[in-house]
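Trainee: Below is one structure. I have some questions about it.
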Amino acid sequence: MTDLPSSGPRPGEPLSRVGHRLLLVHAHPDDESINNGATMAKYAAEGARVTLVTCTLGEEGEVIPPSLAHLAPDRDDTLGPYRVDELAGAMKELGVTDHRFLGGAGRYRDSGMMGVEQNERPGAFWSADVDEAAAHLVRVVREVRPQVLVTYDPDGGYGHPDHIQAHRVAMRAAGLAADPAFRPDLGEPWDIAKVYWNRVPRGVVLEGFERLRRDLAEPGRVPFRQAASVTDVPGVVDDHLVTTEIDGTGFAAAKAAAMRAHATQIEVAEPYFALSNALAQPLLSTEYYELVRGRREGGSRESDLFEGIPGISFEERQNGTAL
């Protein structure tokens, strides 16, 4: 965890970014890099405090490299600790220094896909009490005091139980953190100004897959044999539902490097990637969101998650008068 720096803004750092605090809640290691890697790298580079909370260690993931197959849950069951290290590598690539696991590393276990027996095993995140899990996140919210929260939609983007549960826990914690009557021992109340869900506009996905199909038709151009489908992309919605578009083209390399750090789960061949199913899909450097709580300035798409939220002056930071 890193405090706000005490020196002046770095060259090129917009003054308004100083004092901005972004909290992201994800289900497993790798979700943050796939969904928000460019966003995280951009805001971290611009001087915002970026905090990631990951809810499980991703113990039930499928392992891609044959040399690491022994990590799988049906063999050594050591994938979780290995993915902790992968996540640390990804955070380094994104320039993010504040990462926590919900309730501490290993407090909640990956639940596996919907309908499998792992959903109900002791400690599975899917079977956790939402208020109990949310209390762990309330502690983080009241400590970090983020103006912006990013998480999944109610379906978790694609129906994975841990993603759905992460949504429930994040939204519940956002409400409880602002309630002065809830657990005063967890810190002073804090009301998050803006809450976003991860989204991808259908038009962008269709365009990306059309480009992918053309590239697949040229032998040797793409190292993957087959394309995924639009339904394999989490959070795809009609274009009009997207309220916010973060241009991360300047951080595309950082996002790709962070995804590569999750080598047990992702294969990257820019501008495409594949998961354990080996089905290629576009790697997007521009990332999209739907504002579900908070004020939106004007009717056009936002280009900044902190739009309408002032930063703090350098003098305030030096004097210690800012939160």
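Even glycines carry a Cβ here, placed using N, Cα and C.
Pulled the feature table from Swiss-Prot, pasting it below:
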BINDING   HIS28, ASP31, HIS163  Zn(2+) binding site
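Map the listed features onto the structure and describe their local environment.
Mentor: Long-range Cβ contacts of ASP31 (Zn(2+) binding site) within its own chain (separation 6+, distance under 8 Å): THR54, HIS163.
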Trainee: By a simple count of other Cβ atoms within 10 Å, which of HIS28, HIS163, the binding-site residues in the record, is least packed?
Mentor: HIS28
Trainee: Other residues near the Zn(2+) site, CB within 8 A of the CB centroid of HIS28, ASP31, HIS163?
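Mentor: Surrounding the site, in chain order, are HIS26, ALA27, ASP30, CYS55, THR56, GLY58, TYR152, GLY156, HIS160, ASP162, ALA166.
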Trainee: Could you tell me which three-state DSSP class HIS28 (Zn(2+) binding site) falls into?
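Mentor: Reduced to three states, the DSSP call for HIS28 (Zn(2+) binding site) is coil.
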